[in-house]
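> The structure is given below, and queries will be raised subsequently.
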Amino acid sequence: MPEVRSSTQSESGMSQWMGKILSIRGAGLTIGVFGLCALIAATSVTLPPEQQLIVAFVCVVIFFIVGHKPSRRSQIFLEVLSGLVSLRYLTWRLTETLSFDTWLQGLLGTMLLVAELYALMMLFLSYFQTIAPLHRAPLPLPPNPDEWPTVDIFVPTYNEELSIVRLTVLGSLGIDWPPEKVRVHILDDGRRPEFAAFAAECGANYIARPTNEHAKAGNLNYAIGHTDGDYILIFDCDHVPTRAFLQLTMGWMVEDPKIALMQTPHHFYSPDPFQRNLSAGYRTPPEGNLFYGVVQDGNDFWDATFFCGSCAILRRTAIEQIGGFATQTVTEDAHTALKMQRLGWSTAYLRIPLAGGLATERLILHIGQRVRWARGMLQIFRIDNPLFGRGLSWGQRLCYLSAMTSFLFAVPRVIFLSSPLAFLFFGQNIIAASPLALLAYAIPHMFHAVGTASKINKGWRYSFWSEVYETTMALFLVRVTIVTLLSPSRGKFNVTDKGGLLEKGYFDLGAVYPNIILGLIMFGGLARGVYELSFGHLDQIAERAYLLNSAWAMLSLIIILAAIAVGRETQQKRNSHRIPATIPVEVANADGSIIVTGVTEDLSMGGAAVKMSWPAKLSGPTPVYIRTVLDGEELILPARIIRAGNGRGIFIWTIDNLQQEFSVIRLVFGRADAWVDWGNYKADRPLLSLMDMVLSVKGLFRSSGDIVHRSSPTKPLAGNALSDDTNNPSRKERVLKGTVKMVSLLALLTFASSAQAASAPRAVAAKAPAHQPEASDLPPLPALLPATSGAAQAGAGDAGANGPGSPTGQPLAADSADALVENAENTSDTATVHNYTLKDLGAAGSITMRGLAPLQGIEFGIPSDQLVTSARLVLSGSMSPNLRPETNSVTMTLNEQYIGTLRPDPAHPTFGPMSFEINPIFFVSGNRLNFNFASGSKGCSDITNDTLWATISQNSQLQITTIALPPRRLLSRLPQPFYDKNVRQHVTVPMVLAQTYDPQILKSAGILASWFGKQTDFLGVTFPVSSTIPQSGNAILIGVADELPTSLGRPQVNGPAVLELPNPSDANATILVVTGRDRDEVITASKGIAFASAPLPTDSHMDVAPVDIAPRKPNDAPSFIAMDHPVRFGDLVTASKLQGTGFTSGVLSVPFRIPPDLYTWRNRPYKMQVRFRSPAGEAKDVEKSRLDVGINEVYLHSYPLRETHGLVGAVLQGVGLARPASGMQVHDLDVPPWTVFGQDQLNFYFDAMPLARGICQSGAANNAFHLGLDPDSTIDFSRAHHIAQMPNLAYMATVGFPFTTYADLSQTAVVLPEHPNAATVGAYLDLMGFMGAATWYPVAGVDIVSADHVSDVADRNLLVISTLATSGEIAPLLSRSSYEVADGHLRTVSHASALDNAIKAVDDPLTAFRDRDSKPQDVDTPLTGGVGAMIEAESPLTAGRTVLALLSSDGAGLNNLLQMLGERKKQANIQGDLVVAHGEDLSSYRTSPVYTIGTLPLWLWPDWYMHNRPVRVLLVGLLGCILIVSVLARALARHATRRFKQLEDERRKS
């Protein structure tokens, strides 16, 4: 007999050490919480598939290592490990795979997800139930039988045959118990006279109630009122008990007065339909063994044993306290136990089968029984939910919840089986994941679920057979499940027929027809997949999708076929089932002389098979007596031997009276050890179990003549009867051959169906459009600024390159002409001639015009202090030979004013150079030069004809002669004359400073430099520095009034002041003087310009009042897009920039800036809502017209210009249930985080195709076609957090991060040499200009120090600008980088150590593997001859702060570095922690240690530290598993100890 496990079993040293720690007060809770947090952290982080494969592989290895040692702690660890893997899968499913494009896809995908959530819930509940089976052992009864209680044995019956019931009754009468203390009652709801007669004959009590109300429960309740025993023992009428039943079970009931129920297993000595009908079923454990062998024993640990309706003892007082057996549901047994436990009663389970019964003979009966169970458990779930109400512990609630919700499996099972059909038939991909991702996440989840269940179930249930059981019943239970949940009162009790015979085998179509239909549909889906894979033209993505779903469909089909195969009923002619038994017997004559001795092989109520050697040839049936001794009692049974030979004899009983029948029952069923081998099956081997399931499918295709006629189960038993591969070496070969045949058959059927599936439509994978929008860069120009290189539409807004506030070209007004004539009278006499090619003006290349894009143009500006006196346009290019001079032309206009017309010459397609004079009066500050292509005749053209085109060469020239206008020195004109916003080119602003370069004066200059940076924005600004006023041109002079150059005449100032004075050496130039009586006033004066809240005065002099500046907050720069709410496009650009005209309107751009240190949980995309309007009517081709959306030259998505709702939408619109599509469309779009950095640009390209091609159309149709983005379109960055891994010079190159985190640079200090030269100061000012352009805010908070005073700003980020002559002073600031500057060279001084490399390789094995052949690059380069270096590292003064050093031996090198920051094309090459610039060449390096800046909410730290780090995920996850297992094992042991403490004490006394 198994003993109760003690909590003080031998443990390993590690376990003992952990036990000592856990014994400390509060340690267990602390360790448990820490372990749970670690486990949650590890499950919350998703990894790329290739990294997840590492986690999966290691977890599989650990599974085999731990699973090799069978122990309770190992099982708990495997369950927790399985939970870790499954929760990682669940996290991945919820966060990475739920991307649906259609409502049908969303519906199907959601259904699959809900089914998976149900499966995971059941998995975890099963782990909870079985985490610590109690293994309860029998307790001895009091030694004096007089102290034993009285027992009433109930045998309820309704319509069963007497031949079945009499076995149970006679077996009950033979139970070893004092006769005066036990009474057997036949509860006959059929009220049959033969049963009453039998009761009188055998000595049982017969009870028949007048009505059949409440079926079995009512029958039992009626009997309770007519009996008075202390306990009630219930047997179903086919369950024959062993004689030791009460002696082995009553000890617990007597010992513990709180136990209301003692349940024992339901063992069936006949095979169930799965064992009998499937070819591999005979070696498979019965379906019910899992529940009685594992689940109930686990329930007992939680004091949640269920009453199963039979083979159980109940305490009468407990039953009477709840008002009798429950009658509200059709499963009175489970509901009765629940009611008793709600009142505080305990239940117990003894895992020793003490009765044997009949399994359902036919599949349809089996299904009917399960339908009743499902209905009853779901009724309890609805009307008496265990999660609610009083009296239950959480352990009991969860165990009951598991039992009830397990019968909800039908709908999820159907969903799992049919899910691949969503893609194979409808092209709906309901899991948005690659096959590699599924392999990395789903397969490990299934492996651990199956493997851990195999370790738990051992030989009680084989892997994959639950799928067959569920599939067999699922389609029958779907309706029952739904109806019962909606209406729990429906349904009635049905009695399961037992003991039937089958004269011949047949196929029970009624039991499997739903699965046949499902199987045919699945086969069609599989055939479709095979056909597409074989003959379809698929891209790689579609091919993988078909392969994955076809494999899924194949697995589903195998399970369905196995379920169908159960319907192949085999014949059953025997009235009595054979029961294997090994009992010594003697065969004697009538006179008592022994003929032969032997050992029985099997027994039944019809006879016995005995191993023996019959001494003589058997001439016919011979009467004999079989004698044996059972438990000290001799049994002599009359029989006849009917066959003998081969060491075996077959006997049949010759029963003449009730006593002889009683003796046979005692021999066959009543032995105390009759069923001890009930669970003696081989341990589960999942792969072999899968092969058995496949082999069972083969039986479905056998002919009627091949049906195996088995009269009884040949169950694998201990000893010689056990089926063993070592005894049957050909078994594996047979399994393999059967598998090969099955696969071949399926392949043949699939191939045969491919011809029929050939005409089926193929799902075509969506592709990105071949044409993707491209963002136009705006290169700086030497004199005039081009505003666009795309299509410039007359009278419309800029198509993509105009910045905010830039004016559009307008026809020249009369008052403008008068003003120009008036100004011309005072102009200088010096004229300047400018020659610009179209490329110089901003054309990306030659300008080509076609019918769909007939209007192309260029925007440029004229400085406001210049007057155009003459101009000429010199053109060259080519025109299509198909053009005709009488109908086709190219017309040039400037600001809507006619310049000239080009006519084609078919004989000479090329033309030019051709010169066109331009009236200088046409020019304004902002100008638009347009080229308009006419491709038709008489107002009609074929705009879609690609053979009609005209091209203007990019080398065509615009020659402009200008003279300077007299200066107008008004502060209100600032930033003119230094920068004219109409002239969009790189700006140069000379700065005049005293040679001492006082830090306060430098700060004032830096404020002004950043203000100019804001004005020039992305154009860039350079500040050449000198100590003297230039001989010509404009300049800014900053200094204390008393220190200003005497050439200015010492202007009188009474405080902070700003003045515009003429350049003493150039009357047409202006000097902007920023001054004050002291250095503080100079700073105030510079702030007066930079922070002016109102327009500056229309005067040349301004006294500045002190300026109050509010402290800045992180990431609040005016240039940065708001991140706490969705931002409208209309707040980023003017509405005109969002509009386009014509079928091809060019690229509409929406630029914005954002801090680059953005981080989202799991790299969740940002949200963008695109709203756009397209004209109604039939002008465009709906199927081909689209809007392409991109960001930073990365394609995101395309949308049709006219929203369509498909067939369903058309039908709904037709009946008036849906509104027709409107011109406004609204689409939500995901923006991947990796596409966003500091300077960003959204690109929108409308590509509208005309409805009719090749047909003459109105020439005005194209220009009348208007498309545009709605200004209420939004982009939302509110889900982003700020954190970044440094060093990363790319952040600096885009928006000056991390220094611009505070827009005024209040957390930044600039480190300059003690005596900087002009080049160093110029580099400083250029850098401040760059910062101002990045933030649109003056750098009023920056501090300037020398290297000797950096300790005063230790808590700030440091910007170091130095030449090699002073490099020694700043060397300590770079101590945390891997570089040093010495002897004019920049060198690498340190690499990671071997230990660091090893740690890095373990932390990120994939990267280490990819970089295994690469070596760190050593840097050794001279910083002379214009070579500059930019180094970024963590500050040695304060952790988390950054040092950025700009180093060179000369000003040219520093200037080169600063110019590099302003060139967008070069920004992409600025990366890592070191950039070396040499002319146009850039080299980036990454060697220095990394560090992190920024903060995250606590819940985001796991994702930040473990994303892309599989080893970290493993370490944290396994640590959590170990800690949780340690705490769980101790807690479970203590719980078991509490459960048994009093009884163990009692046993020790005995």
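Note that Cβ sites are derived from N, Cα and C of the backbone, with glycine treated the same way.
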> Select from 26-46, 992-1012, 1244-1264 the stretch of residues annotated by Swiss-Prot as transmembrane segment.
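Matching range for transmembrane segment: 26-46.
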> I need the CA-to-CA distance for ASP236 (substrate binding site) versus ASP333 (active site), whole Å please.
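The separation of the Cα atoms works out to 12 Å.
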> Going by DSSP, is ASP333 (active site) part of a helix, a strand, or coil?
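ASP333 (active site) sits in a helix per DSSP.
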> Would you please pick out, from the recorded positions ASP189, ASP236, ASP238, ASP333, the one with the fewest other Cβ atoms within 10 Å of its Cβ?
ASP189
> Helix, strand or coil at ASP189 (active site), per DSSP?
coil
> Other than its close neighbours in sequence, what residues sit by the transmembrane segment (47-67), given a CB gap under 8 Å and a spacing of at least six beyond its ends?
74, 77-78, 81, 84-85, 88, 92, 434, 436-437, 439-441, 443-444, 447-448, 451-452, 455, 1405-1406, 1507-1511, 1513-1514, 1517-1518
> Can you tell me which parts of the same chain pack against the transmembrane segment (423-443), counting only residues 6+ beyond its ends and a CB-CB cutoff under 8 A?
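Sequence-distant neighbours of the transmembrane segment (423-443): 49-50, 52-53, 56, 88-89, 92-93, 96-100, 102, 104-105, 108-109, 112, 524-526, 528-529, 544-550, 553, 763.
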> Are there residues at least 6 beyond the ends of the transmembrane segment (507-527) whose Cβ is under 8 Å from a Cβ of it, and what are they?
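Counting only partners 6 or more residues beyond its ends, the transmembrane segment (507-527) has Cβ contacts under 8 Å with 362-364, 367, 414, 417-418, 420-421, 424-425, 471-472, 475-476, 549-550, 553-554, 556-557, 560-561, 563-564, 566-569, 749-750, 753-754, 756-757.
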> Between ASP238 (substrate binding site) and ASP189 (active site), find the distance joining the two CA atoms and give it rounded to the nearest Å.
15
> Quick check on the region 'Catalytic subdomain B' (317-377): DSSP residue counts for helix, strand, coil, in that order please.
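Taking the region 'Catalytic subdomain B' (317-377) as a whole: 31 helix, 7 strand, 23 coil.
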> What's the CA-CA gap between ASP333 (active site) and ASP189 (active site) in angstrom, rounded?
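That comes out at 18 Å between the alpha carbons.
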> Would you mind splitting the domain 'PilZ' (572-647) into helix, strand and coil residue counts from DSSP?
0 helix, 45 strand, 31 coil
> Summarise the model's confidence over the region 'Catalytic subdomain B' (317-377) as a mean pLDDT value.
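Residues in the region 'Catalytic subdomain B' (317-377) carry a mean pLDDT of 94 in this prediction.
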